[in-house]
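Student: Annotations for this protein, taken from TrEMBL, read as follows:
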| type | residues | note |
| --- | --- | --- |
| BINDING | TYR253, 266-270, 306-314, 403-405 | FAD binding site |
| DOMAIN | 9-153 | domain 'Photolyase/cryptochrome alpha/beta' |
Amino acid sequence: MSNQPSAQNTTLVLFHNDLRVADNATLSKAVSLSSNGQLLLVYAPSLTDDLYKKDNRQAYCYDMMGHARQRFLSESLTALDASLMQLGNRLLYLQDNLATSDTFTQLNELIQQQHVTDICVSQTADYDQNQVYKRLQAQNPQVCWHVQATATLFDKLPLDDLPKSFTAFRKKIESNYDLLQAKEDIVICPTLKSLPPMPETLQNSREYFFAVPTFDEPIFDELPRQLPDFKGGEPNGVEHLEAYFDSDAPSIYKTTRNALDDWTHSTKFSAWLANGSLSVNVVLNRLRRYERDIVANDSTYWIWFELLWREYFYWYAAAHQQKLFWFKGIAQHSPSTQFNQKRLVQWKNCTTPYPIVNACMHQLKNTGYMSNRGRQLVASCFIHELGLDWRYGATYFEQHLIDYDVASNWGNWQYLAGVGADPRGCRQFNLNKQAQQYDPNGGFIRKWQGEV
Ligand SMILES: Cc1cc2nc3c(=O)[nH]c(=O)nc-3n(C[C@H](O)[C@H](O)[C@H](O)COP(=O)(O)OP(=O)(O)OC[C@H]3O[C@@H](n4cnc5c(N)ncnc54)[C@H](O)[C@@H]3O)c2cc1C
């Protein structure tokens, strides 16, 4: 991939999980390439659908996005479009319209019709998305590609090899590149003041402009619907980041992070981090400022520790590629679990014999969020008590989680299924004990109607 700007540039940014303007190296690169040219800013959903159909991943019941995830994404795109408009351009949104053509074909046509010279994308560990990039490159060999890191603390794996366990990874990072302790803040991209215009021929093509889609609103029982503070988009993410660090919550994070249901008990950064509305560099700089100005203790260290888990799974997904989706994962043998329709439906419909699991699953279905503890419990139940093929569980999470991230989701599921990065093999939680420990008065189970 070349980094040389072409003479007469028409540059296209293909947004993926980098839905922000601040500290977005991909956008900054595109602006530098197109300073005398034109800039197309595109979001194309469903680009990977064909790939899903081709390998048999659709077999494990991949379905439309859950309503909460759809809403969060739509809010994120609305906010991105508003920010781009303020800078003098707009977000072009390719509709997946079966009557005409799929989004991949539309994107390809756009590249050709507009004589795109350069394409800028963010580096991703998403195997399917990378396959799409490869296909686009093959079909447009005249275009220069530019790839920037926007999702991770490190631009590339900062070690020679990826260690087999998170602990080994963390220890190496902390002894070689401890960004939490570093003297200087992480350098972030300068704030953009304006953007080059889009091509004139597109300026009135309303069919391309992003418009908030309508949703099929689900009909709920009397359960709470949405955690009120999960509003998608960069400004909301930044506001949440500031509110979190303006509170005392970071100083007690380690003692509260395992709670099942409270807004301030964990950072709740994941959804904005996952679709890139928040930059992880900005989050880490803010954490460092908190440590400098307020307090540095075990809890603030633990926020860094968890961000390192995210980093680890990113490089894990990048290293293992399609093995992330294999039943046997990166292990030598497949687990002894299997598909079972009846038990899968029980789990999804919140009617297992385990109230704590049902409550967590109701929470996920209704809000798009579940605590880390909840995720561990429902996954453990899925694999051990129900004996199910873990990939169906991972796919259900993919459909519903507003913070869905291919690396963190599939990496964590593999870990719990004993086919991933866990040196201790499979982990089974005692669900009754866990319920007593994390919901001693049964308030969570009552709120989320866990008793069948
Ligand atoms: C089966 C399973 C599936 C998961 N799927 C996802 C997913 O699709 N997307 C996702 O972002 N996280 C996933 N996680 C990790 C974790 O549960 C969430 O990141 C966390 O609950 C989000 O809430 P928070 O932002 O308040 O986290 P906090 O506890 O405040 O942690 C701070 C940040 O660290 C990162 N982080 C924390 N724990 C993990 C972890 N175990 N793995 C990777 N990153 C972590 C997240 O970016 C999080 O925002 C999954 C965990 C399990 C067990």
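The backbone N, Cα and C atoms fix where each Cβ goes, and this holds for glycine too.
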Student: Using a 10 Å radius around each Cβ and all protein chains in view, which of these binding-site residues has the most neighbours: GLU306, ASP403?
Tutor: ASP403
Student: Taking a cut-off of under 6 Å between Cβ and any atom of ligand 1, tell me which of the binding-site residues TYR253, TRP309, TYR312 pass.
Tutor: TRP309
Student: Test of understanding: give the count of other CB atoms lying within 10 angstroms of the CB of TRP309 (FAD binding site).
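Tutor: I get 17 for this one.
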Student: Taking the Cβ of TYR253 (FAD binding site) as the centre, count every other Cβ atom within 10 Å, in any protein chain shown.
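Tutor: Total other Cβ atoms inside 10 Å, all chains included: 23.
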Student: Under 8 Å Cβ-Cβ from TYR312 (FAD binding site), six or more apart in the same chain: what's there?
Tutor: PHE166, PHE169, ARG170, GLY411, ALA421
Student: Tally the residues of the domain 'Photolyase/cryptochrome alpha/beta' (9-153) by DSSP class, grouping H, G and I as helix, E and B as strand, and everything else as coil.
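Tutor: Split into helix, strand and coil, the domain 'Photolyase/cryptochrome alpha/beta' (9-153) gives 63 helix, 25 strand, 57 coil.
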